[in-house]
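**Q** I'd like to ask you about the structure that follows.
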Amino acid sequence: MSTPAPFPTGTILGYPRIGRRRELKRAVESFWKGDITAAELERVSAELRAATRDRLVELGLDGRGSAIPESFSYYDQVLDAAVTVGATPARFSYLEDAEGAVDLAGYFTIARGEGEHLPVEMTKWFDTNYHYSVPEIGPETNFHLASTRLVAQYAEAVAQGYVTRPVIVGPVTFLLLSKASEDAPEGFRPLSRLADLLPVYRELLRALRAAGAEWVQLDEPGLVSESLNEDRLTVLTAAEKAYRELGDDTDRPQIFVAAPYASLDDALPVLAGTAVEAISLDLVRGSLPEFTPGLEAKTLVGGVVDGHNVWRGDLTVAADTLEALRGLGSGAVAVASSTSLQHVPHDVNDEPYLSDQLKSWLAFAEQKVGQIATLATGLVNGRGSISAELAASAAALADRLAAPGVHDPVVRARTAALTADDFSRGEYAARVAAQAAALNLPDLPTTTIGSFPQTGDIRRARASFVRGDITEAQYNEFLREEIRRVVALQEEIGLDVLVHGEPERNDMVQYFAENFDGFDVTQNGWVQSYGTRATRPSLLWGDVSRPAPFTVEWSAFTQSLTEKPVKGMLTGPVTILAWSFVRDDQPLAETANQVALALRDEIADLEEAGIGIIQVDEPALRELLPLKVADQADYLDWSVNSFRLSTAGAADATQIHTHLCYSEFGVVIDAIRALDADVTSIEAARSKMEVVHDIKASGFDHGIGPGVYDIHSPRVPSVAEISELIATALGEIPASQVWINPDCGLKTRGYEETTASLTNILEATRAARG
Ligand SMILES: CN1c2c(nc(N)[nH]c2=O)NC[C@@H]1CNc1ccc(C(=O)N[C@@H](CCC(=O)N[C@@H](CCC(=O)N[C@@H](CCC(=O)O)C(=O)O)C(=O)O)C(=O)O)cc1
Ligand SMILES: N[C@@H](CCS)C(=O)O
Ligand SMILES: [Zn+2]
């Protein structure tokens, strides 16, 4: 390498790519529908990328100094890496051209499936609410450089006048996040293919260098996690091999290894011993490392601006941390976001309905870039040069900590007075007897998870109401009519425990945030959840309480329509926290208990209104599990306790359900038992009832509804298939414990497949009862 360019003093690890108004979602979905061509989609995307680069320079990043990450993705960054290295699952090989490359349509087909070809699996990305497409790797995977899209994007930036920094998931993380392909032999480990994968990365790096790239970013969060399927020594050995081999190549851009979401710990000395030129440290989640030989030759990139949350934070603390980092080695220090900013919305100033005070406490992606530019100035010109910004940040933080609502004495008194009794219900045996007498349910009771299809009509009616085009009375009557239909449908199908279908909810967390004190919701604060789907995480800024009942009216109305028991439907405290941006000025456990008490109040009112079954959903229980093993016990303790606090006020005769999905729950099965819900419905169909073995092995003795219908696909399961799943469950779990239900809510499905699937479920259940 000739005269290496220095690492930029201020940078970010990645930027939201969906567009301020979800332009990418609209363009991609239009392409899927055939309304626009691939070329038109490429044009919209190129415009988005160009606008992002321009904006990042306006906000203070160095446009010619490799500070702007090329972190765009049409759908998912892991899928991008897979198609780059030629890892097309065998069932999609028909999508490949003679060079083994797939085009844009093929790329989406791998993500979404086609006909009989199931899509690649999707699972959560570290401890975030982002979901990636899981690569499938086997001995047969023919690694080769199959896409040079990243090189083309770099060239596009150059043509725009910039020198940017291409970003790709690094080889170790890529393999750690992969699963064994269908054709792989039992026990095959994707990481065993590292030696075959590295030459492809080397070729890609050479191509980027040839195009002029000074720096490339390889994302390696796999190195911070202790929760992936390989032992630590294997991971460290792989990291050493990967970065020694890539580092020793001379014809490459300088390598920046990014390690977000926690500290690198023992992976840091490993990287320090290789030739990579820069390493990022997540100094928000992780702590400052000790002096490590080898680091003096690297640029240490301090991730001091939280990429995973929206608070403005304390810039002085960030500046102090950077100083301490500088003290660690004699090399260069730079400032960055702790993670990619893909986890936060675009712009606080794009929120017309938030108060100026709340906005002054917040930093979304644009504001965070501004903070990084400020800290970079401080690194170069000294603290004095940014004293005004440091003072403004300190003032905003002081204002936040003293604001009414952030400390509500009534809420504080309530949590302070909690005793052990508040976390426990009566004996399970007594509950079973009381519920049997109250509910009179058949063997193998059938139910659904809560939501029925959120049709375009429902979303349009809500949009009309929000815009003021229809009155509240009109909107409510529309919802009641929807509920009448859903109840009639469930009675016709023959379900035993009915639901209202959740038509009034825009989102299972945002709806609660709108009805609790201590929260605000955003108008445009979209954050990508997966592919073209996004959510608007709520802002949990203050002490939480519930001013008035809000689900009771809907549940009571529904119960008035039927003789069958209606299940009230709440979102649990852990999930509300996991899917919101949560205040960072007190332990999560304290905030979780406040939310739990707000839910407890709602449960008391539901009981009062005659609702005998109440479900408290905790799909995100597994999601917040810390990446470091040492932190997991404490998390499971407070999360389980908050669920228990929310439900322990219920009478013995009230049947408490919970529901878990979106993860594999085997590792937290003891925590699930400890929730002490009377009935737990859990995603199982998608993994062909695998979880049932864990349930049996754990001695789980409460009600359990392993899902028999994979609601992630429009496929209607046949009676025979469902019967087989029921038989598997009954082979492991006593029939007296078993409930029959789908894997999850039906909100993303259409009515046709929903009706057909539920009808088949009932037919299979009747046969099993016989
Ligand atoms: C279940 N999951 C959830 C997570 N987090 C949550 N907070 N909520 C969740 O449900 N995390 C894990 C998973 C992630 N899975 C999903 C699945 C599906 C979506 C999704 O489909 N999102 C929609 C947006 C949903 C929504 O909030 N809708 C609003 C309306 C917003 C809107 O787009 N309005 C239109 C106008 C409507 C019209 O005229 O048709 C507009 O503004 O243009 C609502 O219903 O009121 C998505 O489109 O991405 C997300 C996560
Ligand atoms: N009650 C919710 C749970 C989703 S995880 C639903 O049915 O959509
Ligand atoms: Zn679910």
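Quick reminder: no glycine exception, Cβ is built from N, Cα and C everywhere.
Copied straight from TrEMBL:
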type	residues	note
ACT_SITE	H712	active site, proton donor
BINDING	K25, N129, W579	5-methyltetrahydropteroyltri-L-glutamate binding site
BINDING	I449, G450, S451, D617	L-homocysteine binding site
BINDING	I449, G450, S451, E502, D617	L-methionine binding site
BINDING	H659, C661, E683, C744	Zn(2+) binding site
DOMAIN	11-326	domain 'Cobalamin-independent methionine synthase MetE N-terminal'
DOMAIN	444-766	domain 'Cobalamin-independent methionine synthase MetE C-terminal/archaeal'
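Thinking about packing and proximity, how do these listed features fit into the structure?
**A** Following the DSSP three-state reduction, the secondary structure of H712 (active site, proton donor) is coil.
The number of other CB atoms found within 10 A of the CB of W579 (5-methyltetrahydropteroyltri-L-glutamate binding site), across every protein chain shown, is 26.
Cβ-based neighbour count (10 Å, all protein chains) for G450 (L-homocysteine binding site) stands at 25. For the recorded site, G450 (L-homocysteine binding site), the DSSP three-state label reads coil.
E502 (L-methionine binding site) falls within neither a helix nor a strand when secondary structure is assigned with DSSP, and so counts as coil.
Note on H659 (Zn(2+) binding site): other Cβ atoms within 10 Å of its Cβ, all shown chains, come to 27.
Looking at the domain 'Cobalamin-independent methionine synthase MetE C-terminal/archaeal' (444-766) alone, the prediction's average pLDDT is 96.
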**Q** Name the secondary structure element type, per DSSP in three states, that contains N129 (5-methyltetrahydropteroyltri-L-glutamate binding site).
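**A** Assignment for N129 (5-methyltetrahydropteroyltri-L-glutamate binding site) reads coil.
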**Q** Near I449 (L-homocysteine binding site), meaning Cα within 10 Å, which of N129, W579, H659, C744 (binding-site residues)?
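**A** H659, C744, listed in sequence order.
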**Q** Should any of the recorded positions C661, H712, C744 have a Cα within 10 Å of the Cα of N129 (5-methyltetrahydropteroyltri-L-glutamate binding site), which are they?
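**A** Correct set: empty; none qualify.
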**Q** What three-state secondary structure does DSSP assign to D617 (L-homocysteine binding site)?
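**A** Its secondary structure by DSSP: strand.
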**Q** Which one is it, among the binding-site residues K25, W579, H659, that lies nearest to G450 (L-homocysteine binding site) by Cα separation?
**A** H659
**Q** Which binding-site residues, if any, among K25, I449, C661 have a Cβ under 6 Å from ligand 2, given in order along the chain?
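**A** By the Cβ criterion, which requires under 6 Å to ligand 2, the hits are I449, C661.
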**Q** Is any of the recorded positions K25, E502, W579, H712 within 10 Å of C744 (Zn(2+) binding site) (Cα-Cα), and if so, which, in sequence order?
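**A** H712, listed in sequence order.
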